Amino acid sequence: MRFSLTVVQVFRILNGIEIAAACVNTICSVYFVARTINLSTLNINLRLILMVETILCVFVSLVHSTSQITDESWYSIEKRQYLAALIFYVTLLAAQVAAFMFDAKYMLIAIERTIAFEDRRRYETRGGEVARKYLWRTFFVVTTLTVLKCIIIYCKNPQLQIDARLRRTLILEYDYDWAGPSYFCAWLAIPYSIYKFYKLHQMTNKNTAFESLSAMYEVRRIRMTLDYMKRLISVFVGTLLFCGFVTFLQWYFHNIKKVADYSYEMRCTSSLVYTSFSIYNLICTYYLVHEFPQFQRIVHRDFRILRRNYVEAAPLPTTDRNQTELYFKQFSAMWNK
């Protein structure tokens, strides 16, 4: 007996997986944000960036999975559903802005961590001003460029009916002329971020023996963050490569197979992209727990089933032992003054 699936059935399966991934991502992200607020291992500026970017990722995945199963007649302007259309399309515009802001995640972290190192002696006293400053700047730039892009797309498609024209304008994956440039822009921040992290790694490895205790503590947190970022960037690059393959499939269906913009083939490819988006965010949360012992203790306290019934004795790493000795020497020097 031969088993085969129609494209509609494939879409329903992929859309179900996307919705499930979005729900799990939402639950884990809410927990992550709630617990990260008071995580002293991370500076408040880094916490703000990570929390905002996590919320943006959840928002984008939920909006897309919901829009995929929303009947077009519910928000059709041609059928005089004006209020529903306003809510639907404004939400889609906000999701575009959120998606482009998410692309700048590692660039923002690289800038913030560089400022933290340069101002390490008093950075802890500055509160969250650095994160707020760069998040707002990114928001204004991204919003301006996104609105301009949407205006250009809307003006270039006067032949379409109003609903099709708005979908082409505001649903990111259904404007194929801009899909390539949008994907390219997502890659642009990666080389810059890697360069900044590499320079920061070099600076933190310099001799800091004569730094104050607060500066030494900030440098140690920067090193922990760099280890965390190494893992995340590799996952992000892998996600972008997968999305690039799916973008090629979209181009193939649209230009070779000549399928319609809102066909099930195209909707299948977009479901793959946003499912990978949710999975990426879940992996980021896992690595945060893996890299930061304080967060591990929080998770083990909240989920006792994950706790071990024994404690393994492990030697103190050489770097930590050297830093501990350095702290002790500084305390001794201060005490003897």
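Each Cβ is built from the backbone N, Cα and C atoms, and glycine gets one as well.
Just so you know, TrEMBL annotations are computer predictions that nobody has curated.
Features of the protein shown, as given by TrEMBL:
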TRANSMEM  12-34  transmembrane segment
TRANSMEM  46-63  transmembrane segment
TRANSMEM  83-102  transmembrane segment
TRANSMEM  134-154  transmembrane segment
TRANSMEM  178-198  transmembrane segment
TRANSMEM  232-252  transmembrane segment
TRANSMEM  272-289  transmembrane segment
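A contact between the transmembrane segment (134-154) and the transmembrane segment (83-102) is present, since 3 or more of their C-beta pairs, 6 or more residues apart, lie under 8 Å. Contact between the transmembrane segment (272-289) and the transmembrane segment (12-34) is supported: at least 3 Cβ pairs lie under 8 Å, counting only residues 6 or more apart in sequence.
Within its own chain, the transmembrane segment (46-63) is flanked in space by residues 18, 21-22, 25-26, 29-30, 32-33, 36-37, 39, 91-92, 94-95, 98-99, 101-102, 105, 108-109, 112-113, 116, 128, 131-132, 134-135, 225, 274, 277-278, 280-281, 284-285, 288, which lie at least six positions past its ends and keep a Cβ under 8 Å from the stretch. Here the transmembrane segment (83-102) has long-range neighbours at 53, 56-57, 59-60, 63-64, 67, 70, 74-77, 138-139, 142-143, 145-147, 150, 166, 170-172, 182, 185, meaning same-chain residues at least 6 beyond its ends whose C-beta is under 8 angstroms from one of its own.
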